[in-house]
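Student: After the structure tokens below, expect a handful of questions from me.
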Amino acid sequence: MEMLVYLIPASLFLGGVGLLAFLWALRSRQFEDPEGDGQRFLSDDWDKRPKP
Amino acid sequence: MSASSLSACPACVAAPSAEAIAGARAEKASGIVLSLPTAHCAACISDVERELMRVPGVRSARVNLTLKRVSVEAGPEATPALLVERLGRIGYEAHELDPGLLSVTETDRRGRDLLMRLGVAGFAMMNVMLLSVAVWSGAEAATRDLFHWISAAIALPTLVFAGQPFFSSAWASLKARRLGMDVPISLALILSSAISLYETIEGGEHAYFDAAVSLCFFLLAGRYLDYRSRAAARSAAEELAALEVPRAVRIGADGDETVAIADLRAGELVRVKPGARMPVDGIVTEGASEIDRSLLTGETLPVRVSHGTAVSAGEVNLTGPLVVRVTAAGKDSSLHRMADLVAVAESARNRYTSLADRMARGYSPSVHILALASFIGWMIQSGGDVRLAVNVASAVLIITCPCALALAVPAVVTAASGRLFRRGLLIKDGTALERLAEVDTVVFDKTGTLTMGTPRPVALEQHAEADLRLAAALASGSAHPLSASLSSALAELGIAAAEVADLREVPGEGMEATFAGRRVRLGRADWTGAEARDATATYLDAGDGKPARAFVFADRLRPGAAAAVAALKAGGKRVVLLSGDSAAPVEDMARTLGIEEWRAMVRPEEKAAHVAALTAAGARVLMVGDGLNDTAALAGAHVSISPASALDAARVASDIVLLGQDLLPIADAARLAVTARRRIKQNFALSLAYNVVAVPIALAGLATPLIAALAMSTSSITVSLNALRLR
């Protein structure tokens, strides 16, 4: 049972990282165009060289 | 829409008021925004962006596929008209939007705020649930207390933060002395966390932190979905208002200048190019031309105008350039007076109560009464054990809380409107789908709705080839819609144009040229010496002494019109055709489409009266129309649809807007609406069924936190899955 002292904070920390990642995604407007982003992935326009 | 936001009227949110539009238009816009109703795939994104980047002056172009828009940053040399034309050439329909009207920042912020609360509640729910698993599987004494304390540490701040939308709206409704759905929700959240905290301090067995947090999460999910469909409706309304960028060319002291219509004053002069729509009511002071009044009257025959003729806003100038003295602009113009008619008709329709409203009206009081009854009952039963009685009462509140109920409508509406949007239908009003499901009679307008509003020449093969060649030569020199249509139809037939000399256009009359030493003319009946026919036609005078030949035009059917009418009739609906046009073309159209009931020469008031009469006879009418003459009927019908090419007054008056040219989605929408309503009812039944099972358990004092959590999550998840079954 002593393991709980480490495990609970560890699991809360990992969950918190997930939450922060979500908040970051939200703030950097990654939910503006979900459909377009899903489709853009399929386009091969800039596969050879990066978009200028 | 959602049970928890009863008082708001979706139409008020969706349709911005005229003042708001006028105010927003005054703002200076930056960048260009185009609407792309047909974009749907990865290739579309690349095509559109690549094509736009090729236009000189364009700095950046980015497609938003979710909103079906592209935003372009460009220098002054890349005008919106040029971009629309370039996109049209590669096969994408595009419309210019007024970026000043698309003020998304405020709604955007609210959406992200809700999403953030939802994320926090979701995170807390996962962690508290995990800790609860240990408690449910039999943790005891110190371990259980420790887990309860950790749960409390996560749950309490979460509830304070994530529950705010419910608390503030409950407070607002209490101040207004009403019991909205948010009052029992807030009560359940506060009561359950208070009793759980008390139990934790006392080292008790049951704490409802998990139930309280998941309650909050599911309710927020419902609220977010509801918000999303409202935001989509609002942005749709904004998009429609923004579709028509209202500009006019004013003849000022120092030459022509392009100004917003709102800035025009009576007495000023404006120039109206051929092909442009009249921006204002006025009187022609210079030039001669023909105008198309079909959007206002439904009549397809062009009307001749010259010096001194009065014209009204919304009419289309066909042939020659005109100078018009403004008599009324903006709010005073006839277009806007018509909009007042619409407002009157709309107030009648707003009395519709949605399924969710009817449901909530009975549900909200019964929740309070049940919880109070169980509290009093257990106080008497246990001889004054307050702790036990409060425990039971909060369990009842948690279980009866309208979690699944709050998801029942938004989940279905979101799924259905998403599906319809992909087929090119914009749902402007939240209850439109429900109303569409009740429809049993469909009234169509003819010009511009069942037809494209663009005439095509008919029976060309009856003419002699020499005449056709002459007509091709004359028609090629003019931008008049009839000439352009004749010219392209002849080109399709492979008719080569005859060699003519001195080709010139006589504004308001037609084309004139010299052919083999004779004067030849193509144009109006009286000008070419022909007898005018009772149809849209142009006349050819070949200069050979014989009477002029008439080229008769007929309007083209919209793609999918026949299929849509057939599908609606197959669905058991009564289909009626009402048109302002003359009897012959209307009868012809009705016969082609298989519509038995039709009326011609119907004036706008008569259309509205006809719809009202049908309604009075017990029919639920779906009105499909596009013109100003349909506006009052659109507003008066049970539910209404207009194509995107309609006048903006008509679009504002209707509940659903058809973005593409095809009419077939109307039949799909009618079918989908019926399914959607069935799903909503099933969802209500499902969530009530859960309550019927769980409430007696809670009243008996047997509801443990495990049962509460299970009942709540399974009911919410079944309801959402049921909504997603919608096809």
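Note: Cβ is positioned from N, Cα and C throughout, glycine not excepted.
The following feature annotations were taken from TrEMBL:
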type	residues	note
DOMAIN	B:30-95	domain 'HMA'
TRANSMEM	B:114-134	transmembrane segment
TRANSMEM	B:146-167	transmembrane segment
TRANSMEM	B:362-380	transmembrane segment
TRANSMEM	B:392-413	transmembrane segment
TRANSMEM	B:688-712	transmembrane segment
Student: For the transmembrane segment (B:362-380) against the transmembrane segment (B:392-413), do we get 3 or more Cβ-Cβ pairs below 8 Å once near-sequence pairs (under 6 apart) are dropped?
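Tutor: Contact confirmed: at least 3 Cβ pairs fall under 8 Å.
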Student: What does the DSSP secondary structure composition of the domain 'HMA' (B:30-95) look like, as residue counts for helix, strand and coil?
Tutor: 23 helix, 18 strand, 25 coil
Student: With Cβ-Cβ distances below 8 Å as the criterion, list the same-chain residues six or more beyond the ends of the transmembrane segment (B:146-167) that contact it, or say none.
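Tutor: Non-local partners: 4, 114, 117-118, 120-121, 124, 127-128, 131-132, 134-135, 139, 182, 185-186, 189, 193, 196-197, 199-200, 207, 209-210, 212-213, 216-217, 219-220, 223.
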Student: Could you tell me the mean pLDDT the prediction assigns to the domain 'HMA' (B:30-95)?
Tutor: 82
